[in-house]
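Per TrEMBL, the feature Mg(2+) binding site maps to Asp28, Ser57. Marked as sn-glycerol 1-phosphate binding site by TrEMBL: Tyr177, Leu178, Asp179, Gly180, Gly181, Ser182, Gly183, Gly208, Gly209, Gly230, Asn231.
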Amino acid sequence: MRPPTPSLYDALRLRRQHGHKALAVLLDPDNLDENSLLQLLRLSAAHPVDYFFVGGSLVLSSHQAALIALIKEHSSVPVLLFPSHSLHLDGPADGVLLLSLISGRNPDFLIGQHVVAAPRLRASGLQLLPTGYMLVDSGRQTTASYMSGTTPLPADKPGIAACTALAGEQLGLKLMYLDGGSGAQNPVSAAIIRAVRDTVETPIIVGGGLNTGKKVYAALAAGADVVVVGNHIEAHPEFLGEVAGVVASFNQVVQER
Ligand SMILES: CC(C)=CCC/C(C)=C/CC/C(C)=C/CC/C(C)=C/COP(=O)(O)OP(=O)(O)O
Ligand SMILES: O=P(O)(O)OC[C@@H](O)CO
Ligand SMILES: [Mg+2]
């Protein structure tokens, strides 16, 4: 039997209290084979990764569970499912981002998928991280916005983003995830991240289109607690070293204070 994983939510909250930033690498099972995963795991041993998120919009391949098992065999980095559908809750992960798509008005992604998944989630033993998922317009249609049939938040309305996050927090959601959407043309702006940071106490996850060190830095400086990188590491695994360096530079400043 695996030893119990410490509370993922408490760890995130503590990190935030200490001003520590974290890096999550998003692994899309449809775009990953065993060899590329092993290469990433080797890189993550040299450049600290705090979380692996596993998910994709379709998950056509049947090997999600096997990929997670491989991560567990080679690494102690916690694995969180990042499901886009109740059908995707598969594999020996540590926890699940229990996303409610609060930027949208599609009841299926606000509560419908969750009703279907609830009994299986309870039986799974996965740690549940109730997360307000907010898609933010990033210049062009993204897979997540298309697949969920929702309109993202306007990119130039930080006030709407802040009120959406506040409503999510008041409803009891424990994390906020601001996402430009996978492969976003433009990442979520500093103004949006700052507005949400100034409004809610929850840890904030930011992802979508973070494909340069400068963009990652800007998201962290604006108040992101966790940055998520998927596509760019998929295409250029060596980017993991660069982005891990940016996150580490923030944490070093905190340590020296
Ligand atoms: C909690 C449960 C049971 C389900 C969650 C249901 C919700 C609210 C999902 C949010 C909406 C959604 C479609 C999110 C997509 C998240 C995701 C894994 C995106 C990554 O998409 P990719 O398939 O990697 O995109 P590309 O490969 O096209 O870049
Ligand atoms: O693939 P990228 O663009 O890095 O996005 C990561 C994640 O936030 C997508 O939901
Ligand atoms: Mg993908």
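Yeah, the Cβs are placed from backbone N, Cα and C, and that goes for glycine too.
Any TrEMBL annotation is an automated prediction that lacks curation.
Note that the structure is a prediction, hence the values are computed from the model and not measured.
Features recorded in TrEMBL, as mapped to the structure shown.
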residue : record                               : Cβ contacts under 8 Å, 6 or more apart
Asp28   : Mg(2+) binding site                  : Gly55, Gly56, Ser182, Gly230, Glu234
Ser57   : Mg(2+) binding site                  : Ser84, Thr143, Ala144, Met147, Ser182
Tyr177  : sn-glycerol 1-phosphate binding site : Leu97, Leu99, Thr131, Gly132, Tyr133, Met134, Ile204, Ile205, Val206, Gly207
Asp179  : sn-glycerol 1-phosphate binding site : Tyr133, Met134, Leu135, Val136, Ala144, Val188, Val206, Gly207, Gly208, Val228
Gly181  : sn-glycerol 1-phosphate binding site : Leu135, Ser138, Thr142, Thr143, Ala144, Ser145, Pro152, Gly208, Gly209
Gly183  : sn-glycerol 1-phosphate binding site : Thr142, Thr143, Gly208, Gly209, Gly230, Asn231
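For Asn231 (sn-glycerol 1-phosphate binding site), other Cβ atoms within 10 Å of its Cβ number 19. Under the three-state DSSP scheme, Asn231 (sn-glycerol 1-phosphate binding site) falls in the helix class. Taking Asp28, Ser57, Tyr177, Gly183, Asn231 as the candidate binding-site residues, the subset whose CB lies under 6 angstroms from any atom of ligand 2 consists of Gly183, Asn231. When the binding-site residues Asp28, Tyr177, Gly183, Gly209 are checked against ligand 3, Asp28 have a Cβ within less than 6 Å of one of its atoms. By the rule that a residue counts when its Cβ sits under 6 Å from some atom of ligand 1, the binding-site residues Tyr177, Asp179, Gly181, Gly209 yield nothing. According to DSSP, Ser57 (Mg(2+) binding site) sits in a coil region rather than a helix or strand. In this record, sn-glycerol 1-phosphate is bound by Tyr177, Leu178, Asp179, Gly180, Gly181, Ser182, Gly183, Gly208, Gly209, Gly230, Asn231; the longest C-alpha to C-alpha distance in that set is 17 Å. A simple way to gauge crowding: the CB of Gly209 (sn-glycerol 1-phosphate binding site) has 23 other CB atoms within 10 angstroms, across all the protein chains here. In three-state terms derived from DSSP, Asp28 (Mg(2+) binding site) belongs to neither a helical nor a strand segment and is classed as coil. Under DSSP, Asp179 (sn-glycerol 1-phosphate binding site) is assigned to a strand (E or B) in the three-state scheme.
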